[in-house]
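Visitor: Pulled the feature table from TrEMBL, pasting it below:
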type	residues	note
REPEAT	15-58	repeat 'WD'
REPEAT	106-149	repeat 'WD'
REPEAT	186-212	repeat 'WD'
REPEAT	213-261	repeat 'WD'
REPEAT	262-313	repeat 'WD'
Amino acid sequence: MFDSFCSSFKLLKTFHRHTNWINSIDFSTIDSSQFLYSGSDDKTVRIWDIETNKQIQSLIHPGDVYGVKFSPYHYHNHRRNVICSSSIDKKVYFWDVEDNQKLQIFKGHTECVTGIEFSPFNGGRYLCSVSGDKTIRLWDVETSKSLHVFNGHEDGIWCVDISPLQSNNNNKDDNKSNSIGVVGGNGYTICSGSFDKIIRIWDIETTKQSIVLEGHGGTVRSVKYGLNESGMCCGSNTILSGSMDYSVRLWDIRSCQEIQVFNGHIDSVWAVEYSPFVVNNIEVNGMSNVICSGSSDKTIRFWDIRSNKKELYVIKESDEGDGIYCLKFLQLKKKNRRKYNGYGINLCYGSRSHIRIWG
């Protein structure tokens with residue numbers, strides 16, 4: 001599937017409006033419409049209609065925007081299109097897109113809020129935020145309360161992820177039945193990457209640090225859990241990370257060991273993602289074997305997780321670009337996407353002042 005994708009890979013769409021670095025992108029499908037959300041150092045969150053290729057809204061922040069996420073909790077519980085964003089002004093905002101109004105503001109961090117992530121359990125009711133104040137905060141979106149503050153990093157934290165949905169929670173009554181412990185997230189963990197060059201993993205229920213992963217020689221800019229057994233890559237026992245030391249690393253959570261180091265970038269790695277691709281139709285336990293990374297060196301590189309040899313494929317940003325700062329794989333509607341082996345695959349990334357979609 002990966003070879004087929006590369007053979008016809010081309011630029012499909014470009015979104016221009018931002019005037020500074022784009023730090024975060026997210027995507028949602030609401031009814032028959034598909035939307036892209038982006039947050040930038042130009043102090044805006046912008047909302048784009050992918051079908052028409054047009055910006056439909058711009059939400060003004062008092063400061064640079066570092067994180068943007070579509071809120072699954074508001075959509076599934078209230079049928080509202082709500083965007084969550086984090087900013088240099090130390091706050092987390094929830095915006096009602098239809099009314100163009102702030103619904104909630106979370107205050108508690110004492111430095112810039114650099115990353116946010118919704119819980120895969122309990123319908124996205126819980127939010128993690130990380131900050132330059134060296135802390136991780138767990139929030140209850142429903143009550144707007146801060147539930148816990150995780151301390152342990154020795155410098156500011158840049159990125160966060162929450163372990164993927166567990167198979168035994170994939171039932172329709174998940175919100176009601178999963179009521180174990182403090183937040184109903186028994187067995188889930190939080191992963192954080194910091195300027196202290198360390199990746200830390202925290203147990204949500206016990207609120208204790210459980211694992212420390214050391215090896216990077218620079219700030220950890222991106223961390224991602226592997227997907228669970230219903231997903232497509234590596235399994236939920238892995239962590240993928242990218243760093244200012246120019247490397248991409250794959251870690252085994254069970255052994256607390258580094259599995260692979262991928263070298264090839266010549267500048268800081270800002271974004272890493274597990275892909276839905278397989279190489280030569282060879283799968284590992286039914287899962288994908290391709291990861292990708294975006295860097296300040298203006299390239300996106302694809303790697304085979306079974307080998308630390310030279311990258312499989314490289315996308316080079318044009319000279320007008322200024323590095324790759326965020327990545328996301330999208331599944332667009334049929335008329336907007338190419339299909340390989342039943343999958344609609346599109347790669348979206350943000351650079352200095354534009355967003356591009358390839359497929």
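Backbone N, Cα and C define each Cβ position, glycine as well.
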Visitor: Residues sitting near the repeat 'WD' (106-149): Cβ under 8 Å, six or more positions beyond its termini, same chain?
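Guide: Beyond its ends, the repeat 'WD' (106-149) has Cβ neighbours at 63-64, 66-67, 69, 71-74, 76-77, 84-94, 155-166, 169, 174-175, 178, 182-185, 188, 190, 192, 194, 202, 204, 207.
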Visitor: Could you put numbers on the helix, strand and coil content of the repeat 'WD' (262-313), residue by residue per DSSP?
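Guide: Taking each residue of the repeat 'WD' (262-313) in turn, the totals are 0 helix, 25 strand, 27 coil.
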Visitor: For the repeat 'WD' (186-212), give me same-chain residues lying six or more residues beyond its boundaries with a C-beta closer than 8 angstroms to one of its C-beta atoms, as numbers and ranges.
Guide: 119-121, 128, 130, 134, 136, 138, 148, 150, 152-163, 166, 178, 180, 218-223, 225, 239, 241, 243, 245, 251, 253, 256
Visitor: Pop the mean pLDDT for the repeat 'WD' (262-313) in here, whole number is fine.
Guide: 85
Visitor: Within the repeat 'WD' (15-58), how many residues are helix, strand or coil going by DSSP?
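Guide: Within the repeat 'WD' (15-58) the tally stands at 0 helix, 30 strand, 14 coil.
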